[in-house]
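Per TrEMBL, the features are as follows:
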- 5-367: domain 'Aminotransferase class V' (DOMAIN)
- GLY72, SER73, ASN152, GLN180, SER200, GLY201, HIS202, THR238: pyridoxal 5'-phosphate binding site (BINDING)
- LYS203: N6-(pyridoxal phosphate)lysine (MOD_RES)
- CYS326: [2Fe-2S] cluster binding site (BINDING)
- CYS326: active site, cysteine persulfide intermediate (ACT_SITE)
Amino acid sequence: MDKKIYLDNAATTATRPEVVEAMLPYFTEKFGNPSSIYEFASQNKKAVTDAREIIAKSLGANAAEIYFTGGGSESDNWALKATAEAYKEKGNHIITSKIEHHAILHTCEYLEKNGFEVTYVGVDENGVLKLDELKAAIRPTTILISVMFANNEIGTIQPIKEIGEIAKQNNILFHTDAVQAYMQLDINVDDLNIDMLSASGHKINGPKGIGFLYIRKGVKIRSLIHGGAQERSRRAGTENVPAIVGYGKAVEIAMDTFKERTEKEIELRNYLIERVLAEVPYTRLNGHRTKRLPNNSNFSFQFIEGESLLIMLDMKNICGSSGSACTSGSLDPSHVLLAIGLPHEIAHGSLRLTLNEDITKEELDYVVTNVKEIVDKLRSMSPLYEDYVKGIN
Ligand SMILES: *Cc1c(COP(=O)(O)O)cnc(C)c1O
């Protein structure tokens, strides 16, 4: 196949042509600064306001509760560091999960070095947060619970409504990293008792380097960047108007296509999962079978190295990602796969394939054929596999 088959949509997505088109005038003829007084700049101010309103509506929030940021990592950092600072009189304890994105985990480590205490709640074998463990972790000094809406590696959707209720009953703030869930799942911040929510543009066919943090009215939070009065003085700096406009457009399209798009993804995902599990022996699906993101699949193939599989898939024009974090310069397997109880050697043989609605069944057939062939080939070179097969014969 000459065409590239891109199955790494959890890492980033293509910016839609309609999004690029909406952005372009804001680089050129409409370059004004939204803070300026004259008529020429007022269209920029309006463009930012419009995008903010589209996003607020998508969550059942008010526009004044949406703060634009430089992406998901920034939103996560802000939510944690600023609440820690603003609520330190009340307490120094934060609860999160073992399977968060590094934007949360590394921020928690930073806070631990600065006098805060963090409890990392575990998950079951499907990656679902242990609610009993969460309840038991609550202390009088707990100021924040931060649990991701859905996991970026294994796609598991968390019991967010239950977590929101537990937080509310105990008068604790609840933040969720919804970078993967936003526009893949239906989210209403009031129904779910969410106080803060992080999202990112480039995971939903918008531009990179833009995101937002939803902060419920009444939550005490410190300014992230001091300077001008942008973002109600909480994140100073001239707005990235083209990116904000593009983000608004991406959300608008994602809202319009929501039902059809996610239903199609679920069908394609199930097709891929069923074929791989049926046709490749010694394979397991990581993450919950049904409580999972519409576009996520994650497999572990026993007796092989995920890295070799990725490289050989790349030679067939297939882009996926591995459960081990070798690509990011570390030889440790993913913390998420270890948290669901996989032994190191199985976690190492993992492959994440994340779809979009433009993928066809024919393309997935090509992927399955190649996964089968490559896994077979890698196993034929694996002494572990040879021993295992000899053992059972
Ligand atoms: C991608 C991702 C982030 C980081 O978002 P950026 O916009 O790339 O900074 C944070 N959390 C999750 C769950 C993600 O998937």
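Each residue, glycine too, has its Cβ placed from N, Cα and C.
Automatic, uncurated: that is what TrEMBL annotation is.
Listed in sequence order, the binding-site residues near the residue listed as 'N6-(pyridoxal phosphate)lysine' (C-alpha within 10 Å of its C-alpha) are GLN180, out of SER73, GLN180, THR238. Selection of the binding-site residues ASN152, SER200, GLY201, THR238 by a Cβ distance under 6 Å from ligand 1 yields, in sequence order, ASN152, SER200. Within 10 Å of the C-beta of HIS202 (pyridoxal 5'-phosphate binding site) we count 23 further C-beta atoms, all protein chains included. The maximum pairwise C-alpha distance among GLY72, SER73, ASN152, GLN180, SER200, GLY201, HIS202, THR238, the residues recorded as binding pyridoxal 5'-phosphate, is 31 Å. Secondary structure at GLY72 (pyridoxal 5'-phosphate binding site), as computed by DSSP, is helix. Between the binding-site residues GLY72, GLY201, GLY201 has the most other Cβ atoms inside 10 Å of its own Cβ, all protein chains included. Just so you know, the Cβ of THR238 (pyridoxal 5'-phosphate binding site) picks up 12 other Cβ atoms within 10 Å once every protein chain is counted. Counting only residues at least six positions away in the same chain, the Cβ atoms of ALA10, MET148, PHE149, ALA150, ASN151, ASN152, GLY155, LYS203, LEU293, ASN296 sit under 8 Å from the Cβ of GLN180 (pyridoxal 5'-phosphate binding site). The binding-site residues under consideration are SER73, ASN152, SER200. Their Cβ neighbour counts within 10 Å are lowest for SER73.
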